[in-house]
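Here's what Swiss-Prot has on this protein:
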type	residues	note
BINDING	G653, P654, N655, G656, A657, G658, K659, T660	ATP binding site
DOMAIN	618-852	domain 'ABC transporter'
TRANSMEM	34-54	transmembrane segment
TRANSMEM	340-360	transmembrane segment
TRANSMEM	394-414	transmembrane segment
TRANSMEM	423-443	transmembrane segment
TRANSMEM	455-475	transmembrane segment
TRANSMEM	478-498	transmembrane segment
TRANSMEM	528-548	transmembrane segment
Amino acid sequence: MANHVPASFLTRANALFRKNLTYQKRNIWSNVRLIVIPFYLCVLLVGIQVLFDTQVNNSADNRCGCRCIHKNGDGKCERKSCGLQYSSLTQASFCAFPNPPPLLPLLQIPRPETRLVDPARSSCRRTGSCPVTILVTGNNHTLGETLSRNLLSTSFAVNSSDHFLRNLAYNVLGTISEADYTNYLDPGIHSDLPIFQIRPYCTPTTNLSFSFRQPPITFHKEVRCVQGLNLWRNNSVEVNDEIFKGYRQGNHEEIINEVAAAYDLLDTDRNKFNVTIWYNSSYKGNFKVQDRRVKYVRVPRSVNMVSNAYLRFLRGPGTKMLFDFVKEMPKQESMLRVDIASVIGPIFLTWVIVLLFPVILNSLVYEKQQHLRIIMKMHGLGDGPYWMITYAYFLAISTLYIICLMIFGSAIGLKFFRFNDYSIQFIFYFLCINLQISIAFLVSSAFSKVETASVAAYLYVFGSGLLGGFLFQFMLEGLSFPRGWIFVMELYPGFSLYRGLYEFSQYALKRQLNGSDGMKWKYFSDSAMDEVFYIIIIEWFLALIAAYYMDRVSSSAKDPFLFLKNLIKKSPSPQRHSLQRLGSSVSVEMEKLDVVEERAKVEQLMLESSTSHAIVCDKLKKVYPGRDGNPPKMAVGGLSIAVPPGECFGMLGPNGAGKTSFINMMTGLVKPTSGTALVESLDICQDMDKVYTSMGVCPQHDLLWETLTGREHLLFYGRLKNLKGSDLNQAIEESLKSVNLSREGVADKPAGKYSGGMKRRLSVAISLIGSPKVVYMDEPSTGLDPASRRSLWTAIKGAKKHTAIILTTHSMEEAEFLCDRLGIFVDGRLQCVGNPKELKARYGGSYVLTMTTSSEHEKDVEMLIQDVSPNAKKIYHIAGTQKFEIPKDEVRIAELFQAVEKAKGNFRVFAWGLADTTLEDVFIKVARTAQASNVFS
């Protein structure tokens, strides 16, 4: 039993969810292949890693240098000796160091132009005289000030160059030279830059030069004095804030304010020494592709300084902890190792994640191209349930996709995944796929063909990765590129995704190279991830809102900027709008009386706002704009008809007459150029979404899901009509029987295996399920055999008791059997309207006599007809067969039979027949007359 209460939001959402669940179950292997794509891509990364390692191992520059020390008789080397003495500078770092040389314990100090200074004293940067700043904090301010004064030595002595390293233990020396990758020579010594002596104050005598030997090289160095400035801060938060703001990206002015060291003395007192030391880990390297080894970082001198300060506090100024040198740990011979996943991770994973975008976009555009979206909407599925269920499906698939990516990547040992916090990664990927889905919904409104959408989507995929890797990353790492423009570039979704992946790769490299923690929540605000998160979240919501708006606009064929126009001028009400059209319309063509009467009836119904008719069309017009220099094409010209419940109104017309355009306007596929129509008192120009809840449609072409069965189609559309439980099952069984799809398990076969006729019958069953109040059928019996066609007609006739049906057809037999009234449509205009008998009586006031004789008796036949009816017309003649149209008012049937029997005595008549005017004759006559009048007009 039909439930005429419109289905609720949840009911429609449930219908779509269950349909999609069944559909995806039938396409399970396609979904599995999509989800396991990350596995193959991760394996590809491993393959690239193996290939890279093979190439690296074959290169002499990536291992310690060797020399052949013994050759055999054939000249082939039998024994090699490897070591520093045989290596180039490139090869040296890969050599074994069983006994590393001692290294000078220098303090890393900032360059003069980057040292932390008060803005009022920044002129020292130009002269190179800025002091070196050391920050100190702790729980005990007095103790902190005391230890600060003890950090730096007030004397400097170099007794002998032969004991230079030992003498260094009594002084604090530093260098502005960044440490290099070498672990046997300190760049602070073998570079041309001077060594700096850090003192509380400087005098001219504190600058000197000396020579010392570090076999096999003798160095000549200049020692310059630089003032050390110890500053107290209230707590570690202030220290952290000052250090962070000292980085170029930590302040809006992009000014570097660097400190040499910082100490938190915590709860240190005379009985306990507890200190935290800050140092600049960025000196370890910039982690670019070409710089994978760890740089030397001068932390030991910072430790020695605070230790000596505490000893002086306890034992007096003469106490010192001697610091002769530092040495690297002995190392074995090594080779270059690069983690490819971390190096190419950003560009590669950008492609991997964005690869879902074409899948989502193609799916959305396919439903629009095949009109599956609109046919669901025509049967009552609103935009809200469609969006909720479709979005949830894409989100579920995308979430499984990224989970598999993280699992597979971690399982095969990719450090990109293993070295970063999984929760941060998941949330980042989750936000990215939500933004990606929202953008796919937004962009889908701009495409009508899958091929075009697919090309654009893959351009976006590859463009995002390539531009990110070769443009965005270059600007990101460039110190001179404004940070504000980086933010602007990140507004492009592909670059915000790339930036997040870039941060993950950098933190993974840092952990690999210097043992840091990787990306953790505690470092979240120190990276650019918080900025990326904010951008993605805001764009996600904005894209979602814009996509929903554009979807509503495109589905209703409205101007995207209609909301702006509505703010300026309020739209008139539907009823007043139709009255205005009535008053302003002028017709210059002569119309038949029946058409004029139908128009007058429509005007009266519109004025009275009557609800007695389910469908009322008022001067409905559709004009398609001209293209390629052609004039505009009028498909429907001011059609006015009214159809009450229980009536089947048939539309006859030649191809191109405008029948399908009329159906498309009534079902919301196209927007009327002018005029309107009321369906159950709802205006199709204003309330189409409400109209859909009481409407059924059988389109000209079958819009079905190939993998769903006939029963599953009816289950889906029945639920949209608010049928439930036993009522739903009963309605489905009755529908299947009425269209002859219930036998031999046909109902449970996929629609893709149906013949054309079976698909047509299923489309009719879909349009009638749930007893809709209005049904549109566009050539419903096309492609059916006679038996199936007759069965289908019976089903349609039985369904029209409380339903208004508008039907288009080329079958006169179908029109006579089903239609209570007919309208003949030619060149976009209604030429006549009435029931089949009235039309035949009105346009068919003649008999058609057909007679076949030999060719020599054709004249005799003509004379016979002229004797019977002087006004008879010959309408057909070929090879002895002639047809004549005889006016009914000039002859009686009995007289005609007598005349033929008499003629048989004079010449041989092979065959003859007399027929009344058929509906086809009426149609041809009206169509020819209308087309002829259009030609002459």
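From the backbone N, Cα and C atoms, a Cβ is placed for every residue, glycine too.
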| task | Might you confirm whether the transmembrane segment (394-414) is in contact with the transmembrane segment (528-548), defined here as three or more C-beta pairs under 8 A between residues 6 or more apart in sequence? | result | no
| message | Radius 10 Å, atoms counted are CB only; among the binding-site residues N655, K659, T660, which position scores highest? | response | K659
| note | Maximum Cβ pairs under 8 Å to the transmembrane segment (340-360) among 34-54, 423-443, 455-475 is reached by 455-475
| remark: By a three-class reduction of DSSP, G653 (ATP binding site) is assigned coil
| message | Long-range neighbours only, meaning 6 or more apart in sequence with Cβ under 8 Å: which ones does G658 (ATP binding site) have? | response | K622, A635, V636, G637, F825, D827, G828
| request: Sort out the residues at least 6 away from either end of the transmembrane segment (455-475), same chain, that have Cβ-Cβ distances under 8 Å to it, and list them. | output: 344, 346-348, 350-351, 354-355, 357-358, 361-362, 443, 447, 481, 485-486, 489, 493-495, 497-499, 502
| note | Beyond a gap of at least 6 residues from its ends, the CB atoms lying under 8 Å from the transmembrane segment (34-54) belong to 337-341, 344, 348, 352, 355, 359, 397, 400-402, 404-405, 408-409, 412, 414
| query | Which one of these binding-site residues, G653, P654, G656, has the sparsest Cβ neighbourhood, judged by other Cβ atoms within 10 angstroms? | reply | G656
| task | Please report the DSSP secondary structure of T660 (ATP binding site), reduced to three states. | result | helix
| Within 10 angstroms of the C-beta of A657 (ATP binding site), what count of other C-beta atoms is obtained when all protein chains are considered? | 23
| Which chain neighbours of the ATP site, leaving out G653, P654, N655, G656, A657, G658, K659, T660, have a Cβ atom within 8 Å of the mean position of the site's Cβ atoms? | F825
